């Protein structure tokens with residue numbers, strides 16, 4: 001057998017045997033395995049033959065990848081400048097501009113090298129993170145069930161498939177109940193197909209119902225999915241981030257093009273300038289105006305941010321999900337496990353018994369029999385844990401068949417034989433589902449609902465238990481009449497940090513809505529305990545097939561937008577809630593864990609698979625949590641906003657620099673016919689690139705509200721700040737070249753109306769002035785308040801100091817004839833630093849003015865909150881948090897907007913007294929709104945004239 005085995009497996013490898021269609025016994029024979037699975041040694045040997053169970057990744061050439069960083073619109077402009085330097089500049093009696101050509105190529109290589117190294121590091125980090133999300137499979141090895149990476153599966157392995165699993169390899173099903181399999185990803189079939197014992201299932205399809213064991217028949221590239229993947233290449237969609245990047249790049253390129261056209265028209269036909277100096281001036285605009293490092297800075301910032309998120313317990317599967325997370329303003333959160341601990345307890349004293357001759361202990365035993373003893377969920381563990389010995393759940397009986405939980409039936413069931421050989425069946429699950437089974441439903445329905453409501457008022461979930469005899473003795477038979485025997489109360493305590501996290505979320509402008517499958521009263525009680533509000537609706541009344549007539553005339557979208565949560569939610573309702581919130585222009589996040597949550601997770605702007613989610617939910621999500629609880633999501637929101645803030649800061653900076661270089665040097669060239677050496681612009685660009693890379697690790701204050709790309713804000717701020725810097729350079733040039741101001745005030749050597757040779761010193765002075773103030777601009781764009789108040793990252797400061805020290809040394813000492821500059825000495829260097837410092841201060845005021853003009857709120861930062869004029873730490877933080885909370889509750893219709901209460905008050909003392917009373921009333925109202933059931937609902941009632949309490953009471957599930 002040992003000699004024959006490799007040959008047989010070789011036949012399987014070459015697909016000479018049709019394992020998909022031959023009888024199942026022959027499958028075992030051909031794969032040389034049994035239903036007891038493989039040994040670890042045999043599996044290792046087969047791994048060497050068949051390879052890993054994953055698709056071959058196309059390895060890109062590292063050289064081509066490196067050169068790829070030089071192939072984008074921004075690099076094309078630089079490459080055009082390099083060609084200009086040796087082709088077009090070769091005239092006017094002068095040789096080609098080799099130093100500029102070499103400088104441009106050096107800049108491109110430096111930029112590509114940084115991009116290559118950073119992206120390689122980010123790629124390695126991303127690969128390590130994605131490895132944590134690698135699909136797992138339950139496999140029988142050495143006679144024991146183990147959880148292994150799906151990548152190590154081999155033909156002949158016995159695997160277990162259950163609800164929510166993505167099937168890890170092509171397999172044939174063994175004995176058991178039929179499965180419902182969703183093959184839409186492979187075949188396009190919209191409805192799940194039923195697969196029974198002996199049928200084949202494909203890798204990549206999803207188990208929608210049932211549980212069964214299967215034998216693996218093909219892995220990796222030999223699977224149906226693997227062969228299909230070889231035929232088609234995945235298409236890369238252009239994401240929103242890429243569109244923004246393109247828009248900013250195009251703006252910079254167009255600005256340069258406009259500047260060059262104006263220069264060409266004025267210099268040659270009007271001023272009749274010499275050919276070669278004109279080309280040099282055009283090169284200055286081309287080289288200095290292009291933000292060559294922009295793609296690198298932004299992608300590296302996102303990659304580093306993604307790694308930071310992973311450390312916090314949120315793994316991003318799609319990089320651009322970070323920008324969506326930063327803009328998220330509504331989060332629909334599961335209750336169980338996210339807002340609560342998902343650690344259930346049962347109070348035996350509260351158990352209600354509905355059958356004669358049955359006591360509370362018997363109800364617990366029957367519920368335990370309808371539970372798993374292995375691979376338990378939270379409910380199974382809580383119920384089996386109530387027994388003195390967990391083995392009692394199967395003591396004295398023989399298990400015939402177990403029906404696992406699924407979202408449709410919402411119950412589990414066990415068919416078993418007792419010691420006398422009689423067959424029985426016991427089921428536990430959602431009370432409504434169990435009640436529907438009962439033969440005497442009409443007799444007990446009122447009492448059952450009364451008990452459920454009594455439990456719900458105390459925040460307790462209910463679990464129904466029913467029992468039947470199966471006289472036919474077959475597991476397939478319907479059995480005798482079901483007897484409803486009892487209701488168990490389940491308590492799932494809220495997480496200790498949930499209430500505080502919800503308060504933080506509201507202060508950050510994120511409205512948290514509870515989405516729960518539990519009944520309305522439980523949702524309201526949990527909402528009350530967490531301080532998130534009790535303005536909740538039964539989702540079936542709003543979104544179900546049979547919407548209630550009394551609220552059908554009401555604006556459903558508006559009710560959904562203003563609701564604090566939804567109860568009795570089915571997976572299809574989640575999808576509808578997300579869709580309607582998006583229609584109201586909200587950036588919506590949705591948490592989920594089950595296979596049926598996948599459509600809602602895909603539809604949401606940010607699909608969040610919670611800790612312990614099924615493979616299907618993880619596959620559909622954008623972010624996968626590795627820790628439980630809402631606090632992970634809110635931390636991820638803050639981190640995402642910080643990442644987004646860094647990217648936004650850089651884009652404003654990049655646009656500003658383009659405008660300042662193009663406008664500043666164009667005016668110098670056209671007004672005073674000053675030819676700035678292109679090589680020195682290259683030096684500025686190289687030093688800038690080195691410094692600006694550190695922005696990806698800068699210390700920033702996240703936006704206090706959801707943020708998104710606002711191109712109008714970026715371009716307006718960039719144009720105004722860039723225009724200001726350009727004018728400062730023009731004024732400096734005029735003062736140094738046309739007046740005696742600096743020599744008179746500071747005692748430095750004069751540059752006034754100097755000879756042409758001394759343009760070299762003027763070039764050095766302009767170089768230093770442009771270099772310092774251009775790079776210092778990053779400190780203005782990175783801060784929301786005064787730039788000298790918000791402490792920047794250590795790396796950014798060090799990089800700035802080193803770069804400007806180098807720039808100062810070049811300006812002071814360099815006598816480079818090839819670059820047409822001459823050292824200006826320490827006196828002029830000091831003058832330039834002072835000049836830049838004086839004209840740096842108005843940059844913050846201009847920033848506030850732009851923000852005020854765009855939003856009308858910027859002066860709040862300076863005057864109302866006074867954060868710029870105090871040395872106190874966190875001055876006014878509490879008041880600001882309350883203001884944000886107030887603004888958000890007003891936005892979502894949860895309190896009446898501000899009105900001018902004191903318009904008629906004329907007496908100053910009276911006004912003060914009124915103000916104090918109003919403050920006290922406002923604080924009482926705020927606390928009441930946060931902590932009482934009535935406070936949350938009354939504003940909606942007032943605004944809409946709706947009797948919301950009546951609506952809610954009429955639809956208690």
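For all residues, glycine too, the Cβ spot is worked out from N, Cα and C.
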Based on Swiss-Prot, are residue 87 and residue 815 on matching sides of the membrane?
-> yes
What range among 584-606, 607-629, 676-698, 860-882 does Swiss-Prot record as transmembrane segment?
-> 676-698
Stretch carrying transmembrane segment according to Swiss-Prot (options 280-301, 302-323, 324-345) | 280-301
Out of 15-35, 36-56, 99-119, which range is noted as transmembrane segment by Swiss-Prot?
-> 99-119
Sparsest-packed among the binding-site residues, when each Cβ's other Cβ atoms within 10 Å are tallied, from 593, 597 = 593
Does the transmembrane segment (715-735) come near the transmembrane segment (676-698), with 3+ Cβ pairs under 8 Å (pairs 6 or more apart)?
-> no
Residues of the parent chain within Cβ reach of the transmembrane segment (67-86), under 8 Å, 6 or more residues beyond its termini = 96-98, 100-101, 104-105, 107-108, 111-112, 115-116, 246, 249-250, 252-253, 256, 279, 282-283, 286-287, 290-292, 294-296, 678
Quick one: pull the CA-CA distance for residue 597 (Mg(2+) binding site) versus residue 334 (active site, 4-aspartylphosphate intermediate), whole Å only.
-> 11
Does the chain bring the transmembrane segment (249-269) near the transmembrane segment (99-119), so that three or more CB pairs sit under 8 Å (pairs 6 or more apart in sequence)?
-> no
Any chance you could find the range in 99-119, 676-698, 824-844 with the most Cβ pairs under 8 Å to the transmembrane segment (280-301)?
-> 676-698
Just counting, how many other CB atoms are there within 10 A of the CB of residue 334 (active site, 4-aspartylphosphate intermediate)?
-> 24
Looking only at residues six or more beyond either end of the topological domain 'Extracellular' (815-823), which have a C-beta under 8 A from one in the stretch?
-> 99, 677, 679-680, 758-761, 763-764, 767
Six or more residues out from either end of the topological domain 'Cytoplasmic' (699-714), which same-chain residues have a Cβ under 8 Å from its Cβ atoms?
-> 240, 244, 247-248, 323, 326-329, 507-510, 587, 638-639, 641-642, 644-646, 648-649, 651-652, 655, 782-784, 790-793, 854, 880, 884
Could you break down the residues of the topological domain 'Extracellular' (270-279) into DSSP helix, strand and coil, giving a count for each?
-> 6 helix, 0 strand, 4 coil
Any idea what the Cα distance is from residue 593 (Mg(2+) binding site) over to residue 334 (active site, 4-aspartylphosphate intermediate), rounded to a whole Å?
-> 9
